[in-house]
C-alpha cells in the first residue's frame, strides 16, 4: 500500500524498527560468544570429568535460553511490522485486518445464508423425490428447478466457508480491497436469492398447470439449460477449491497443518543482564528463584 498514510507511519516508526534490529544483532553476537565459551569449557576443564559435564550442561542450558530469547525478539519485530501495516489498513477501511473483516461479513450474511441454504436443501430434496415418483407433471421444469436449488445452496455455503477459512489465519493479513470483495459477495448472494426465488416460482407454475389428464412432460425445458446451471455450480466449487489450495501454499503446508512454532520464553532469573559479554559466560550469581 503506497499512500501518504503509509509513508507517515514508516517515518514515525522506522527508528523503533532499527532499534529492535540492532538489539537483535547484539544478542546474536552474545549467543555466538556463549557457544564459543561452551567449547572452551570442553577443552580447558579436562582434569575433572564430573565438573566438565556439569559446566558443559550448564552452558548448553544457558545457550538454549538465549536462543529462545532471540526467537522471541525476531517474532516481536515481525509482529511490530505487521502492526504497522495493519494500522494503515485500519485508518483507510475501518477494519484492522482480514480476520476482522471476515468476522464482520460472516455475521452480516449469516442469517441470509442459513435461510437460503435451508430452503435450497428442502426444495432440492422435494424436487428430487418427485422427479422419480411423479405420475404426471412437467419433469423438465422439475429438473431445471433442481439445478437452480443447487446454485442457491452452493453459493452461500461457499461464501460462509470462505469467510470462516479467512478467520482461521494464524497471522495478521493487511486487507485493503474490502470494498471490492464486499460487492462481489453481495452480488453472489443476490444471485443465490434469485436462483432460489426462480426455482420456487417455476415449481408453482408446474403445480398450477397440473390437470386431471396431464401427462408426464420431459422435454419442455432444453437439456442445455440444466447442464449450464449444473456446470456453473461445479465451476464455483472448482474455483473455491483452487483458492483454498493457493491459501495453503501461501501460508506454508507446515504452518497450516501443524500451526506456528512457539518458542519457550527464558525462565526467571536468566536475564541478559546476567551474561558477561566480554567473557561470553553467564554470571555465577544468577538467581534461579527470582
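Quick reminder: no glycine exception, Cβ is built from N, Cα and C everywhere.
Curation plays no part in TrEMBL annotations; they are all automatic predictions.
The annotation compositional bias 'Basic and acidic residues' is assigned in TrEMBL to 262-280.
As annotated by TrEMBL, region 'Disordered' applies to 262-290.
Counting residues 6+ beyond its ends, the transmembrane segment (108-129) has Cβ neighbours under 8 Å at 142, 145-146, 149-150, 152-153, 155-157, 159-160, 163, 185, 189, 192-193, 196, 199-200, 203 in the same chain. If you look up TrEMBL, you'll see 108-129 (among others) marked as transmembrane segment.
Feature annotation from TrEMBL assigns transmembrane segment to 141-168 (among others).
A Cβ distance under 8 Å defines the sequence-distant neighbours of the transmembrane segment (180-207), meaning residues of its chain 6+ beyond its ends; these are 105, 109, 112-113, 116, 119-120, 123, 127, 137-138, 141-142, 144-146, 148-149, 151-152, 155-156, 159. Annotation source TrEMBL lists transmembrane segment at 180-207 (among others).
Sequence annotations record features per position, and here TrEMBL assigns transmembrane segment to 227-249 (among others).
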